[in-house]
Amino acid sequence: MTNIGKTHPLLKIINSSFVDLPAPSSLSSWWNFGSLLGVCLGVQILTGLFLAMHYTSDTATAFNSVTHICRDVNYGWLLRYLHANGASMFFICLYLHVGRGLYYGSYTYSETWNIGILLLFAVMATAFMGYVLPWGQMSFWGATVITNLLSAIPYIGTELVQWIWGGFSVDKATLTRFFAFHFLLPFIVAALVMVHLLFLHETGSNNPTGIPSDSDMIPFHPYYTIKDILGFLIMLTALSTLVLFSPDLLGDPDNYIPANPLNTPPHIKPEWYFLFAYAILRSIPNKLGGVLALVMSILILAIVPILHMSKQRSMMFRPLSQCLFWLLVAILFTLTWIGGQPVEHPYIIIGQTASILYFLIILIFMPATSLMENYLLKW
């Protein structure tokens, strides 16, 4: 009898994607983050769905509805903190996943890479809009500051901001539409994930060496399914520990104060996972220049495949490029720290130096080092 998994139209797709998929035998734990992101998305959609059953997107009741969820709904506090900290886990996995792609040269699969960048923007937009929904002080002022950046766009900027706000300030209309889009976007993200996987399965996975592994493949199941499940357990343990022991560790205390348009918090800042981009934005004195730098800090990933000058795909055998890569990681940590600090000396100059180095390393130092390594190969 023929295996139904190989004949049924739907099961056939699942079988070829998760069971009989040929995978390189040398994949390290850095290849776990794709599946971990899938779990994160699942957790966020499920917890978000149950939160949406009790949340009201009205400026008069939004803050109280979140309080009601935490106090009166059965395990509402758990849902709320799983959702809030699940977003942090999502971004940790996202940044590690992108870092893996940069280190091992996975960006040479340009379609998969570009869909990935699109996914990154979609998840960032979703997270930003989600942060506005509890309608605390940082929700309101964060929304005001970030949406106001669009006014830097020449000619249409002011009209565009008022169109997004649905009025002359962040108010009821803004909150309602942000809730609508925050609900919708994760499903668009899920669809994009399918496209991301479709393109990945066209080429097959990369591996740590960057060398084609067609002659050394193993079935995805049971080898990598077991490996992924171990990853799930580790991540869910970390998430549970964060949620149950210090749920507010990564949040902002100002968000426990209801939104007040007449009272500005002393330091307006986004969630920790946007701080590096926020630091780059603040390091440029010109508004339009800052906005362009902010967008380019992520969009620069799209030109990384063009800047790949090395004869080797992976950085595994390129110690000079490795040094630059880890310097880039250190700079991103520095920018994250600076983004959470007030705009005063010495933080301003540290942020500006780190921002310049961030772009210099990606645009100039890494390609130049790759060319030098190519030359050294001839020795």
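Cβ atoms are placed via backbone N, Cα and C, with glycine included.
Quantities reported herein were computed from a predicted structural model and do not represent experimental measurements.
Among the features that Swiss-Prot reports, heme b b562 binding site is placed at H83, H182. The heme b b566 binding site annotation in Swiss-Prot covers H97, H196. As annotated by Swiss-Prot, ubiquinone binding site applies to H201. Per Swiss-Prot, the feature transmembrane segment maps to 33-53, 77-98, 113-133, 178-198, 226-246, 288-308, 320-340, 347-367.
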(request) Return yes if the transmembrane segment (33-53) and the transmembrane segment (178-198) have at least 3 CB pairs under 8 Å (sequence gap of 6 or more), otherwise no. (result) yes
(request) Go through the chain and flag residues at least 6 beyond the ends of the transmembrane segment (320-340) whose CB is under 8 A from any CB in it; none is fine as an answer. (result) 99, 102-103, 269-270, 272, 274-280, 282, 310, 347, 350-351, 354-355, 357-358, 361-362, 365-366, 369-370, 372-373
(request) Rounded to the nearest Å, what's the C-alpha distance separating H97 (heme b b566 binding site) and H201 (ubiquinone binding site)? Just drop the number here, would you? (result) 17
(request) Just jot down the residues in the same chain as H201 (ubiquinone binding site), at least 6 apart in sequence, with C-beta under 8 A of its C-beta; none if empty. (result) S16, S17, L21
(message) If we skip the immediate neighbours and take only residues 6+ beyond the ends of the transmembrane segment (288-308), which ones have a Cβ under 8 Å from one of its Cβ atoms?
(response) 98, 102, 105, 107-108, 110, 113-114, 117, 120-121, 124, 149-150, 152-154, 276-278, 280-282, 355, 358-359, 362-363, 366-367, 370
(request) Write down the Cα-Cα distance for H196 (heme b b566 binding site) and H83 (heme b b562 binding site), rounded and given in Å. (result) 24
(request) Would you mind reading off the Cα separation of H182 (heme b b562 binding site) from H196 (heme b b566 binding site), to the nearest angstrom? (result) 21
(message) Using DSSP and collapsing to three states, where does the residue listed as 'ubiquinone binding site' fall: helix, strand or coil?
(response) helix
(message) I need to check the long-range neighbours of the transmembrane segment (77-98): which residues 6 or more away from its ends have a CB within less than 8 Å of a CB in the stretch?
(response) 30, 33-34, 36-37, 40-41, 43-44, 47-48, 50-51, 66, 69-71, 116, 120, 123, 127, 130, 235, 238-239, 242-243, 247, 250-251, 271-273, 301
(request) Taking the Cβ of H196 (heme b b566 binding site) as the centre, count every other Cβ atom within 10 Å, in any protein chain shown. (result) 21
(request) Determine the Cβ neighbour count for H97 (heme b b566 binding site): the number of other Cβ atoms within 10 Å of its Cβ. (result) 20
(message) Using a 10 Å radius around its CB, how many other CB atoms surround H83 (heme b b562 binding site)?
(response) 21
